Amino acid sequence: MSAVVKSIKAREILDSRGNPTVEADVVLSDGSFGRAAVPSGASTGSHEAVELRDGDKSRYNGLGVHKAVANVNTTIASAISGFKASDQQRLDNLLIELDGTPNKAKLGANAMLATSLAVAHAAAASRHMPLYRYLNNSEEYILPVPMFNILNGGKHASNSTDFQEFMVMPVGAKSFAQALQMGTEVYHSLKKVLKGMNQNTTVGDEGGFAPSLPTNKDAVEVILKAIEKAGYRPGEDIFIALDPASSELYQDGKYTLATENKTLSSAEMVDYWCGWVEKYPIISIEDGLFEDDWDGWKLLTRKIGNKVQLVGDDFYVTNIKRLDRGIKEKASNSILIKLNQIGTLSETIAAIKMANNAGWTAVVSHRSGETEDTTIADLAVAMNAGQIKTGAPCRSERTAKYNRLLRIEEELGGKAKYPGKDAFLNLK
């Protein structure tokens with residue numbers, strides 16, 4: 001007999017930025033236990049599901065989550081009591097119905113996601129399986145190529161570049177463990193290079209360095225130097241990935257690059273990226289344009305979509321309606337997957353499957369406000385996503401995910417494949 005939900009208890013905990021977030025514990029009728037904690041973003045897409053905050057300025061500057069916690073402990077708890085834990089789709093559909101809004105504004109995506117994931121963890125425990133195997137009981141699994149965010153700017157760091165994230169991807173590694181080693185060595189090499197330039201080596205929200213560099217190009221140049229100093233070849237062993245978070249640069253129909261004193265039109269921004277791709281070993285650009293600049297996205301995809309992964313984050317917000325339009329209009333070739341943008345596990349998996357069915361890649365991602373929860377590591381492996389974005393190899397809320405992937409790779413042995421360049425399905 002399948003185990004059913006016996007109890008659920010949510011609480012307010014802290015994320016890595018010291019802001020409150022929701023954690024939920026689920027106990028099943030057979031005694032199995034599952035726990036999940038929800039992350040939170042700094043630069044958020046306007047189309048994301050609603051993260052319910054209290055707005056009470058006397059607590060945590062209005063960022064408390066007592067309302068979301070209460071929604072789990074009352075409305076959700078009574079609705080899912082006795083519910084078959086292994087029926088994830090039905091459970092998530094029930095949560096969506098209970099909420100009844102298009103953007104999860106009533107219960108809160110944070111309340112719903114904590115519930116959805118905690119039940120999945122409990123159901124996996126009930127079957128004595130790790131979460132990745134419970135979600136996809138397969139003979140072989142693909143471990144993800146990591147995107148290490150080693151240099152931060154934009155909203156993730158003050159006094160730095162216009163663009164939010166400069167990342168390295170160890171595409172030439174033979175295993176996840178080797179990829180982690182390569183990325184970490186480049187990270188430490190970058191620290192030495194920055195110190196040699198008398199630059200600040202304090203770290204941003206995601207563990208990357210946040211130096212004061214005169215231009216955006218300097219960020220790429222300094223990373224290339226760090227790759228070489230670590231003994232690796234840029235464009236062969238290690239590639240560069242970018243997340244400029246361009247929606248943060250967009251105002252009144254133009255893109256403002258403050259460090260370069262430039263204001264660019266959509267077409268000029270596309271040409272800007274084309275120029276960078278010609279010059280540097282860039283394999284992936286996320287949110288290269290504003291989240292509603294559909295014409296710009298289509299132009300960028302036409303120009304460089306056959307040689308660079310173009311990832312929609314704020315553009316798609318893990319939402320299958322927006323993704324479906326993107327696929328039909330050829331507006332990119334990849335989607336960033338963030339569980340809390342949509343608010344349930346089933347909807348997240350549906351977005352990954354939709355992308356893969358279109359021949360697109362799906363990059364499983366953390367948020368800048370994280371916890372020690374490692375669900376995304378299991379999700380990336382379960383869905384054979386091939387890529388994961390979870391910060392620098394620094395700060396334990398980031399390394400928790402990398403360490404989980406090391407353990408999964410070890411557990412799987414010969415059944416684990418590290419895809420390298422094959423993770424980029426759509427590049428010529």
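All residue numbers here begin at 1 and follow the chain in the order shown.
Including glycine, each Cβ sits where the backbone N, Cα and C put it.
A sphere of 10 angstroms centred on the C-beta of Glu206 (active site, proton donor) encloses 29 other C-beta atoms. According to DSSP, Glu206 (active site, proton donor) is assigned to coil rather than to any helix or strand. Per Swiss-Prot, the feature active site, proton donor maps to Glu206; the stated evidence is sequence analysis.
Under the heading active site, proton acceptor, Swiss-Prot lists Lys338. Proximity of Lys338 (active site, proton acceptor) to non-local residues of its own chain (separation of 6 or more, Cβ distance below 8 Å) is seen for Pro39, Gly41, Asp313, Val317, Thr318, Ser365, His366, Arg367, given in sequence order.
What Swiss-Prot lists as (2R)-2-phosphoglycerate binding site is Gln164, Lys338, Arg367, Ser368, Lys389. Its Cβ taken as reference, Gln164 ((2R)-2-phosphoglycerate binding site) is surrounded by 29 other Cβ atoms within 10 Å in the chains shown.
What Swiss-Prot records for Asp243, Glu286, Asp313 is Mg(2+) binding site, and it gives sequence analysis as the kind of evidence. Counting only residues at least six positions away in the same chain, the Cβ atoms of Glu165, Ala241, Leu242, Asp243, Pro244, Val311, Gly312, Asp313, Leu336, Val363 sit under 8 Å from the Cβ of Glu286 (Mg(2+) binding site). A strand conformation is recorded for Glu286 (Mg(2+) binding site) in the three-state DSSP classification.
Listed in chain order, the residues near the Mg(2+) site other than Asp243, Glu286, Asp313 are Gln164, Glu165, Leu242, Pro244, Ala245, Ile285, Asp287, Val311, Gly312, Asp314, Leu336, Lys389, each with its Cβ within 8 Å of the site Cβ centroid.
Within its own chain, Lys389 ((2R)-2-phosphoglycerate binding site) has Pro146, Met147, Asn149, Met167, Leu336, Val363, Val364, Ser365, His366 as residues 6 or more apart in sequence whose C-beta sits under 8 angstroms from its own. Here the C-alpha separation of Gln164 ((2R)-2-phosphoglycerate binding site) and Glu206 (active site, proton donor) works out to 11 Å. Cα to Cα, Glu206 (active site, proton donor) and Ser368 ((2R)-2-phosphoglycerate binding site) are separated by 6 Å.
Arg367 ((2R)-2-phosphoglycerate binding site) carries neither a helix nor a strand DSSP state and counts as coil. Using a 10 Å Cβ-Cβ cutoff, Arg367 ((2R)-2-phosphoglycerate binding site) registers 26 neighbours.
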